[in-house]
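Student: Not my notes, these are from TrEMBL:
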type	residues	note
DOMAIN	66-558	domain 'Major facilitator superfamily (MFS) profile'
TRANSMEM	64-89	transmembrane segment
TRANSMEM	101-119	transmembrane segment
TRANSMEM	131-150	transmembrane segment
TRANSMEM	156-178	transmembrane segment
TRANSMEM	260-281	transmembrane segment
TRANSMEM	293-310	transmembrane segment
TRANSMEM	368-386	transmembrane segment
TRANSMEM	398-416	transmembrane segment
TRANSMEM	428-448	transmembrane segment
TRANSMEM	455-477	transmembrane segment
TRANSMEM	536-553	transmembrane segment
Amino acid sequence: MTSRHIRVLDHAITKAECKMAKSQGPLVVVAERTPLLEAQVESDHAPKPSQDEVLLKNKSQKGIWLLFPLIIGVFIANADTSLVLATYTTISSDFSSLGNSSWLLTAYMLSMCSIQPLYGKLSNIFGRKALLLFAYILFGIGNLVCGMAPSMSVAIAGRFIAGAGGAGMSSVVSYLIADLLPIREVAAYRSYVNIVATVGRSCGGPLGGKLTEMIGWRWTFLCQAPPTMMAILLVSYFIPSTAPATSNTHGNLRQQIRRIDFLGSLLLCKTIILFLLPITMGGNQIPWDHPSIWALFAGAMISGVVFVLVESKWAVEPVFPLPLLRRWDIVAPYSCCCKTWHKPLYMIYSIPLYFQITANSSPSVSGYYLVPAVMGNTIGGLWTAAHIKRTGLFKGPTNLAAIVAGLCHALIVIRWNGSTGVFEACYAFLGGLGTGASHSSTFIAVTAATSEEELAIAGGGLYLCGGLGSVLGVAAADSTLRVVFKHELVRRLGKSQFTTGIIHHLLKDIKYLQELPEVIKVAAVASYLKGFKCDFGLALVCCMISLVLGLLMENKRLPL
């Protein structure tokens with residue numbers, strides 16, 4: 001035994017000191033009343049630490065060396081999303097299936113949202129590291145299937161598989177960070193992950209477009225294999241396997257599989273898919289009043305009721321314990337997260353379209369108007385992390401995020417009147433600032449409210465709420481814009497076959513706007529402008545709801 005294995009205290013050992021000593025590895029704490037011989041015997045018979053224990057004890061594995069293997073996957077997953085957004089029409093055109101192009105996006109989103117909550121419970125059973133590696137493998141397989149797809153249906157199936165992997169590549173990273181770092185440090189490292197995710201989303205589109213032009217769309221998927229493999233190797237070597245102390249991750253595979261709530265998992269996935277399908281299809285592929293829309297909603301409701309019965313009465317280890325939803329310290333961050341994710345998707349959808357219509361900007365140029373929002377998102381996340389680390393309080397940033405984002409949307413409603421200058425375009429910075437702050441603070445709120453066993457499960461619910469907010473945000477923005485635009489243009493031009501034809505063409509292709517006579521073009525732009533104002537007005541309402549929910553959250557100070 002060397003001196004670094006023994007800590008001598010000149011006073012009685014407190015519970016806090018014991019806890020601190022244990023967290024620093026296999027140390028022997030010696031106080032005035034501690035027999036030295038007993039310490040020596042315990043040391044001699046101490047089992048040799050495993051590789052995971054060495055990694056957990058070694059402080060050099062934390063910091064950037066912990067973060068680097070994890071952020072590679074986060075970057076790839078987020079770049080992939082915007083990459084496909086830039087190439088999906090090219091892919092579908094290659095298969096002569098342009099009408100089904102949106103399914104390349106929808107399949108990924110449905111898979112990601114439905115699988116997301118399962119990663120929490122499964123990581124408790126099998127360990128975080130195993131689930132993260134599984135997510136990487138699924139993501140890689142999905143991209144290989146897409147890259148070698150002989151038909152559109154196979155490409156869509158590949159996107160569904162990739163979505164199942166992408167769901168874990170972000171969420172399990174958050175659980176690992178929460179396991180390995182003190183709670184006040186978690187916000188800081190989450191903000192770094194958020195920056196990488198934002199950079200990935202920003203780079204994916206231009207990169208995908210360039211690769212498609214140079215070497216073809218198939219290589220945009222196949223080129224993701226090397227960095228995915230590198231992420232697998234780095235995580236395997238550098239990241240320790242963590243799980244709650246109450247979870248038997250070292251049991252045999254049969255015991256672990258028996259703990260999986262297969263029926264509950266299936267019902268949860270089914271409920272989410274049946275709920276999201278009509279939201280993504282309604283108003284675009286199928287009219288909202290079509291019987292299929294209401295049949296899908298009814299199916300989601302029935303499946304949800306059965307899920308609640310199974311989880312509350314028969315499940316031994318529920319995939320999502322329903323009592324969590326009876327706790328306000330969990331429900332409030334969930335609701336804030338859902339409303340928060342409404343706002344950035346409103347901006348991503350609406351701002352480029354606004355400048356394409358009012359300023360005749362090209363899609364690539366209009367995308368630059370999102371740069372202030374990206375910068376705000378980064379600064380908001382970093383500021384929140386620094387505030388939480390210094391004060392231990394997360395309620396303030398949550399409320400401030402809602403106020404700042406609300407101010408952004410209010411300014412846009414008032415000041416964006418069709419001739420928007422550079423300064424006014426920077427209002428989007430405030431929206432990004434609020435979003436970045438809220439992303440960090442809501443996760444910390446859930447982390448502070450849950451035990452080690454509950455963290456990943458509750459975190460999976462938080463990520464699900466974020467996914468639902470994203471889908472609902474885009475659907476609400478699109479539907480509001482369409483409905484208001486139709487109503488306004490009919491009011492200005494009168495109800496006729498001519499007006500109906502113009503509406504039909506404009507909703508299919510915005511470039512048609514430049515082919516219209518000047519008088520009709522002015523009326524169409526004014527009608528779109530009214531739709532945009534209603535869009536951002538709805539986003540302002542979401543901010544107000546977030547503020548009310550944030551004010552009702554408990555203002556708990558995090559431990560050092």
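Backbone N, Cα and C atoms are what each Cβ position is placed from, and that goes for glycine too.
Unlike curated entries, TrEMBL annotations are predicted automatically.
Quick one: where do these features end up spatially?
Tutor: Mean per-residue pLDDT, taken over the domain 'Major facilitator superfamily (MFS) profile' (66-558), amounts to 86.
Residues 81, 84-85, 88-89, 91-93, 131, 135, 155-157, 159-164, 166-168, 171-172, 265, 268-270, 272-273, 276-277, 280-281, 284-285, 319-320, 456-457, 460-461, 463-464, 467-468, 470-471 of the same chain sit 6 or more residues outside the transmembrane segment (101-119) yet have a Cβ under 8 Å from a Cβ within it.
Panel annotation: around the transmembrane segment (156-178), residues 66, 70-71, 73-74, 76-78, 80-81, 84, 100, 103-105, 107-113, 115-116, 119-120, 123, 128-129, 131-132, 134-147, 149, 186, 189-190, 193, 197, 221, 239, 242, 443, 447, 455-456, 459-460, 463 of the same chain, lying at least six beyond its termini, place a Cβ under 8 Å from a Cβ of the stretch.
For the transmembrane segment (293-310), the residues of the chain that approach it from at least six positions outside its boundaries are 263-264, 267-268, 270-271, 274-275, 277-278, 281-282, 286-287, 322, judged by C-beta separation under 8 angstroms.
Away from its own ends, the transmembrane segment (368-386) comes close to residues 187-191, 194-195, 198, 202, 344, 347-348, 351-352, 355, 361, 394, 397, 401, 404, 425-441 of its chain (Cβ-Cβ under 8 Å, at least six residues beyond either end).
Panel annotation: around the transmembrane segment (398-416), residues 333, 336, 340, 343, 354, 380, 384, 424, 427-431, 433-438, 441-442, 445, 532-533, 536-537, 539-540, 543-544, 546-547, 550-551, 553 of the same chain, lying at least six beyond its termini, place a Cβ under 8 Å from a Cβ of the stretch.
Listed by sequence, the residues of this chain that lie at least six past the ends of the transmembrane segment (428-448) yet keep a Cβ under 8 A from its Cβ atoms are 174, 178, 183, 186-187, 190-191, 194, 329-330, 332-334, 336-337, 340, 343-344, 347, 351, 369-370, 372-385, 388, 394-395, 397-398, 400-409, 411-412, 455, 458-459, 462, 543, 546, 553, 556, 558.
Counting same-chain residues at least six beyond the ends of the transmembrane segment (536-553), those with a Cβ under 8 angstroms from any Cβ of the stretch are 328-329, 332-333, 335-336, 339-340, 342-343, 346-347, 350, 395, 398-399, 401-403, 405-406, 409-410, 412-413, 416, 434, 438, 445, 476-477, 480.
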Student: Please give the sequence-distant neighbours of the transmembrane segment (64-89): residues at least 6 beyond its ends with Cβ less than 8 Å from one of its Cβ atoms.
Tutor: 98, 101-102, 104-105, 108, 132, 135-136, 139, 143, 159, 162, 165-166, 169-170, 173, 176-177, 180-181, 189, 192-193, 196-209, 212, 217, 220, 224, 227-228, 230-231, 234-235, 237-239
